[in-house]
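Colleague: In case it's useful when we look at the structure, here is the feature table from TrEMBL:
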{"type": "DOMAIN", "residues": "43-79", "note": "domain 'Ribosomal protein L9'"}
{"type": "DOMAIN", "residues": "155-199", "note": "domain 'Large ribosomal subunit protein bL9 C-terminal'"}
């Protein structure tokens, strides 16, 4: 939007110096408008995109009255002559260059990524993830021993752990980082193995990264 306004300001400056249209009391004395054919279409260059008409920089044909009364007063279009065509091309080159300069994609280096992984891994290793689940009443009644851990209605999956890690601990991991061959089906405390890049050093005495998970009832 700012670039379009800038382009129109430059064009307005050119027009103000007498290189554009001059109005008289009876007619507009310009070779493109005063053609002697009332309904002949004019070729104009759009300085900004207009719905159902064209994009900025495109050459389109419009009725003389529409150009004179709507497009030209707001400098939304200029006549398709060499002077204006050159000006539009230069403005588009300038705009494209500035846009390329503004859009800079910063790619993280492997060192930065490793540090982020290490920070996340340490936070998870020192955290306790608590999941609240409903008890499976039917299995609870039919359990063979009172010492057996109660079953949950819906087992805890990798995806649920990933979601709760993000919600409770503000750490983003992927299901591939969680080593969970089968869902957690009973209440209790678990140490769920985590898989991170080998470049991340393990804590002293640890054989692998783990996350403490507590599955409790409501």
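Here the Cβ of each residue, glycine as well, is placed from N, Cα and C on the backbone.
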Colleague: What parts of the chain pack near the domain 'Large ribosomal subunit protein bL9 C-terminal' (155-199), using Cβ distances under 8 Å and only residues at least 6 beyond its ends?
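Modeller: Sequence-remote neighbours of the domain 'Large ribosomal subunit protein bL9 C-terminal' (155-199) are 114, 117, 120-121, 123-124, 127, 129-131, 133, 135, 149, 208-217.
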Colleague: Using DSSP, how many residues in the domain 'Ribosomal protein L9' (43-79) fall into helix, strand and coil?
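Modeller: Secondary-structure composition of the domain 'Ribosomal protein L9' (43-79): 8 helix, 13 strand, 16 coil.
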Colleague: What are the DSSP helix, strand and coil residue counts for the domain 'Large ribosomal subunit protein bL9 C-terminal' (155-199)?
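Modeller: Its residues fall into 15 helix, 13 strand, 17 coil.
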Colleague: I'd like to know the mean pLDDT over the domain 'Large ribosomal subunit protein bL9 C-terminal' (155-199).
Modeller: 92
